[in-house]
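S.K.: The following block contains the structure, expressed as structure tokens.
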Amino acid sequence: MLICCCHGSSDNRQVYIVYMGNLPKGEVSISSLHTSMLQQVLPSNIVGSDVLLYSYHRSFNGFAAKLTKDEAEKLKEKDGVVSVFLSQKRQLHTSRSWDFMGFNRKVKRSVFESDIIIGMLDTGIWPESQSFNDTEFGAIPAKWKGTCQTSANFSCNRKIIGAKYYKADGDFDPSEYKSPRDSEGHGSHTSSTAAGGLVSKASLYGLAKGTARGGVPSARIAVYKICWSIGCDDVDILAAFDDAIADGVDIISLSVGSFFSSEYFDDTIAIGAFHSMKNGILTSNSAGNSGPSLSTITNFSPWSLSVAASTIDRKFVTRIKLGNGEIYEGTSINTFDLKGKMYPFIAGAAAPNTSQGYTSDDSRFCGPGTLDETLVKGKIIFCDYTTYIEGPVEAGAVGVVVQSGRYKDYAFTYGLPHLNLNLNDGRNVLNYVNLTENPTATIFKTTVEDDQFAPFVVTFSSRGPNPATSDILKPDLTAPGVDILAAWSEANCYLQHCSGTSMSCPHATGAAAYVKSFHPTWSPAATKSALMTTAFPMSSENNLEAEFAYGAGHINPAQAAQPGLVYDAGEIDYVKFLCGQGYTPKQLKLITESNFTCSEGTNGTVWDLNYPSFTLSTSPENSIIRVFHRTVTNVGSPVSTYKAVVNASPGLIIQVQPSVLSFKSLGQKLTFVVTVGAEIGNSMISGSLIWDDGVHQVRSPIVAYASLVE
């Protein structure tokens, strides 16, 4: 999951993105404008159109081109340019999960659900999957302005109403489809999780049986294939955003990210999400899969929804029985049945492929080519650590046992019977292999068991705090993202279940679409607020990183459609926030359509952005006081009175003025002030503010922590 600069060439040209903010007013040929700008910085022997890859001109202004570093620097100085940055290659970050959240098949549905269009930016889709059957669907919504990029192997229907694919470099692997068809499986999985229809008797080779379904089975899907076997290029991501916004989608779902963070307008996903927000479209993003280390979240713009991954009350357990009768339990999804037969058992370290110069230091990890086939064939092999399937398979192993400190709370499938043991059990099993004259073992088929500790945020899920704006809490919330069963590509049918924030993101997408189906005029911020303030509270008992792991809590889609109050925000609120973050008036004039200028009166502080959470940071060992101004909009009962309920950990003092909000009508807005004092020390402390009218509990987390950055 490395991120790298792409498209280098012999003349030192690489792909850069030139972001120019809003579309210019009036009758202007934007593509010609981009070509003209390029021509001004290119040598006379190169034509601008020859290096231009994309001209972004449907929803925002910008282009992608092959440039030298010097040419890119010259473009940075041009009038009308917000930012210039290298295109990067990003990587891709159900039968039970919706029921686990209390969102069952009988939940109240809006009659407008089939008018909701979800834009899925992913690896494409497998249209023949039963999840995308359009039998009971009516006409395509009139608001849809997109197209279907049909081909010999792909067509749309009344469920999948639009589809396009993007690959600026034109370099296709022979195994990939030059169409929106999904050759990887990831896009089909995320699409069906968000909006797949009901598929009865779904299972993974008999495991996890049930009815698979998406959050909004009646919603439509628009597919934007931006990811391929080697990753997802920034230039393609931005092109898909440009189209999706103009096509008329209601929600954008993007389970893609990088390993490191960028400033808001040097990041294609943040840029695309900003213009989506301006057009009334919420972008749902995966937090990333680089946890549990702190500050690893990479999708964190305040105008998008950042989603962590947590477990559901189902876990997959695989057991191994040794020749001495001892049984050990590990994690995996093993669908192979050895029927209890005992096989010879060997350690990878004892089977080095010496003919190729490998030693036991190599073969213990079971990498490709490191194992001696004559010693391994027909045996179960013990590997100290491996993510390789090739080594044991090519050596003819019957099964694989892996010793690793990872994969404790999520499972993988593999091409052989296998399981992953923790380090203590792994040590015991390895001792048996090494100290027994003729060791034997068998691996049992996986069983599905209840997980009494669920939900908790899985180890791989990226954590906060926010690396760009330390006083905005990220992630926003968590959703199911572990061992999720959903649709897959028949071109790659090896997997049907997945774990990752890629899986939690479409759960949040489906929940957001559900809310949108009841409240089609709500802004992206209002929809996000509804999801955050109704989330199930979570405890730091199972997640030491607390809110940095799960944000406002675990998503509660059934409750989110009726939140009572929402924290709303629009473009001008984010622009004021950006003023306070140090963006220049020149940049902001290009980004926003208004004649907005930064001034003392409009230079918004981060603490006054109308966000559904409250965060304050300071240096270690310091005390701090912050004042937050917030406004809530009444979307519950016309006449209602909310009382402030404060929960604070030791070291945290929270005051709310006024402590009672009395509403006389729907849509009425009332403002309040929260003053937070904290004695932080070297750690993090948290509390919450709940507005309670006896029917609705509108909950916001309050987090204070010691930041390592002054």
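Quick reminder: no glycine exception, Cβ is built from N, Cα and C everywhere.
As listed in TrEMBL for this protein:
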- 15-93: domain 'Inhibitor I9' (DOMAIN)
- 114-553: domain 'Peptidase S8/S53' (DOMAIN)
- D122: active site, charge relay system (ACT_SITE)
- H186: active site, charge relay system (ACT_SITE)
- S502: active site, charge relay system (ACT_SITE)
- 608-703: domain 'Subtilisin-like protease fibronectin type-III' (DOMAIN)
S.K.: What mean pLDDT does the predicted model reach across the domain 'Inhibitor I9' (15-93)?
M.R.: 91
S.K.: Give me the CA-CA distance between D122 (active site, charge relay system) and H186 (active site, charge relay system), in Å, as a whole number.
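M.R.: Between the Cα atoms of D122 (active site, charge relay system) and H186 (active site, charge relay system), the distance comes to 7 Å.
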S.K.: Within 10 Å of the Cβ of D122 (active site, charge relay system), how many other Cβ atoms can you find? Include all protein chains, please.
M.R.: 29
S.K.: Please give me the CB contact count at 10 A for H186 (active site, charge relay system), counting all chains in the structure.
M.R.: 25
